[in-house]
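Comments concern the structure below.
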Amino acid sequence: MPTLRLPPTVLGLLERRKPLSSRAVNEQGPAVAARDTITEANENGQTHIDDDLRLPKIASLVIILLANVLLQLTFFSIVSSSNEYAQHLGGTSTFSGLVIGIPTVFSGLALIPLMRLDQGGYKRPLHFACGAACLGNILYGLAYRANWLYLILIGRIVTGFAFTFWMYCKRFCSDSRIVGVRRRTTLAGWLVLGQGIGFSLGPFAGGLLFKIGFNNAIFNGFTSPTWIMAIIWAVFWVIVAMVFEDVPRVPQSIALQPIPAQGSTASTDEDKADEDEPTRITTSAVAPTDAPQPPPSPVFPPVHRMTWGQWGVAATMCWFAMTCFFILGAWEANIPVFTSSHLRANPFHFSPFAAGNLIALGGACTIPFLLLNLHVARRVQDRHTLAMGVGTGLAGLIIALAILGADEVNYGSLFICWFLVALGFNVASTVTLSLLSKQLPGEWNGRISLAIQYSNYSGRVTGAVWGGAGVKVGMLSYVGMQVALVGIGSVMFMTLWKHLKAKTG
């Protein structure tokens, strides 16, 4: 039965102030409530989208989420075989870690110049990312034929320019022009789900292709992952050109209408009675003049001054953005190196295929929990999600310290450690940008996206190098460093607990 909408009255205003979700569920049931909490009808019968629940166009959102998955696959598909590839061309395990981590350095260098050319949109950076990903993967694949070690580094550097779009993915999912406050953590959860798919499917596919081998100087076990990714990126680029719609441009200033003098707006009492009361304009009693009215000066939005609490929250979120990706990058780079080493604590002596399977298995097991996180994020505060994720990841690190110290490493214990680390720090990385975007004005979205992305980059590159060097520095020192980073973040987190409160969703 269609619902009856009353005209706006005092009762209607009181009704609107009730929580949307509870009002809709009580009056119409869950199915209709899910629809009516997003849209309401105004007095003229036009549909109005609730600002807190606003979402971007589905086609463009899907393109952004797919781009994030492809970037993750591009980053991780070479992880399982990069150590062997580097050694085949005359490099070392540390050089392999550099190959994994170096793209983020050049991605960070390219971000600020790219932001000056993006015009506040996403289409230009997306096309730039597609082109760089195609070219970088091709160069990485040609290094085997050229028998030149540094060509794989050059290829990864060019691919790094494509990784600039990671920041735009985050910015898109927290852009106040198209995404409501109560949708940002949920969309960030989708990005993290894509991250989980990337670091599970990427190493597995890379290890599988390495095992198959393809006895060819161009397309072989070392180069086939990047050739396949180059083809996928080319196809995706065509789809982007056909489907993606950029966000609407926001005018820089608000056009103001001058208020005319009393003499030119005089009206009869009957006309005034017909006017709508809320929209009536009262003019000051000034004598009419023939002189033209000066144009009104432009009105700029008030300058937002961050409080000390907000500065602390920003520093905490940047620290955890760096820490999460440092630890994830370190483990992804270290597992192939450690499991193929001759350390006494290593009982495995894995091939790149087996190491890729271990990374992929841990990542795949996190996906059901990341899907659950999408559901939970709508009802749980971001600070609680952060605490749960950091606690889970820290448990994995402590178990790793225990088994390494006791020389009791086996497949099951190492898998449990990797699973807890992957799950915990992926979940924790969900809220770093969304929480900040809820506490700061929408026009700050570009700045905070840049700050979080630079923190991610610093964690990725240093973590990958640290993971590649983990066997040389000692595995206990390798894990102990990660525990120390989490400890520093935990002190910041507990100190600023009250300031970390934000809207759910």
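Just so it is clear, glycine is given a Cβ too, placed from its N, Cα and C backbone atoms.
Positions annotated as region 'Disordered' by TrEMBL: 261-296.
A Cβ distance under 8 Å defines the sequence-distant neighbours of the transmembrane segment (58-79), meaning residues of its chain 6+ beyond its ends; these are 85, 99-100, 103, 122, 126, 129, 133, 137, 140, 156, 159, 162-163, 165-166, 168-169, 172-173, 187, 190-191, 194-195, 197-199, 201-203, 205-206, 225-226, 229, 232-233, 236, 239-240, 243-246, 332-333, 336, 356, 359. Sequence annotations record features per position, and here TrEMBL assigns transmembrane segment to 58-79 (among others).
Taken from TrEMBL, the feature transmembrane segment covers 94-114 (among others). Distant neighbours of the transmembrane segment (94-114): 75, 78-79, 82-83, 85-87, 124-125, 128, 136, 149, 152-153, 156-157, 159-164, 166-167, 329, 332-333, 337, 450, 453-454, 456-458, 460-469, 472; these residues of the same chain sit at least 6 beyond its ends, with a Cβ under 8 Å from one of its Cβ atoms.
Residues annotated as transmembrane segment in TrEMBL: 126-143 (among others).
Per TrEMBL, the feature transmembrane segment maps to 149-169 (among others).
The transmembrane segment annotation in TrEMBL covers 190-214 (among others). Long-range neighbours of the transmembrane segment (190-214) within the same chain, counting only residues 6 or more positions beyond its ends whose Cβ lies under 8 Å from a Cβ of the stretch, are 65, 68-69, 71-81, 84, 169-170, 173, 220-222, 224-225, 228, 328, 332, 351-357, 359-364, 366-367, 370-371, 373-374, 422, 426-427, 429-430.
The annotation transmembrane segment is assigned in TrEMBL to 226-244 (among others).
Positions annotated as transmembrane segment by TrEMBL: 311-331 (among others). Remote same-chain residues near the transmembrane segment (311-331) are listed as 100-101, 199, 386, 390, 393, 397, 418, 421-422, 425-426, 428-429, 431-433, 435-436, 439, 448, 451-452, 455-464, 466-467, 470, 478, 482, 485-486, 488-489, 492-493, 495-496, 499-500 (criterion: CB distance under 8 Å, separation of at least six residues from the stretch ends).
If you look up TrEMBL, you'll see 351-374 (among others) marked as transmembrane segment.
The transmembrane segment annotation in TrEMBL covers 386-406 (among others).
Residues annotated as transmembrane segment in TrEMBL: 412-436 (among others).
Same-chain neighbours of the transmembrane segment (475-497): 309, 312-313, 315-316, 319-320, 323, 326-327, 330, 334, 338, 343, 345, 383, 386-387, 390, 393-394, 397-398, 400-401, 404-405, 466-467, 469, counting only residues six or more beyond its ends whose CB sits under 8 Å from a CB of the stretch. Residues annotated as transmembrane segment in TrEMBL: 475-497 (among others).
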* Sort out the residues at least 6 away from either end of the transmembrane segment (149-169), same chain, that have Cβ-Cβ distances under 8 Å to it, and list them. => 64-65, 67-68, 71, 74-75, 78, 82, 85-86, 89-91, 95, 98-100, 102-107, 110-111, 114, 118, 122, 125-126, 128-133, 135-143, 191, 226, 449-450, 452-453, 456
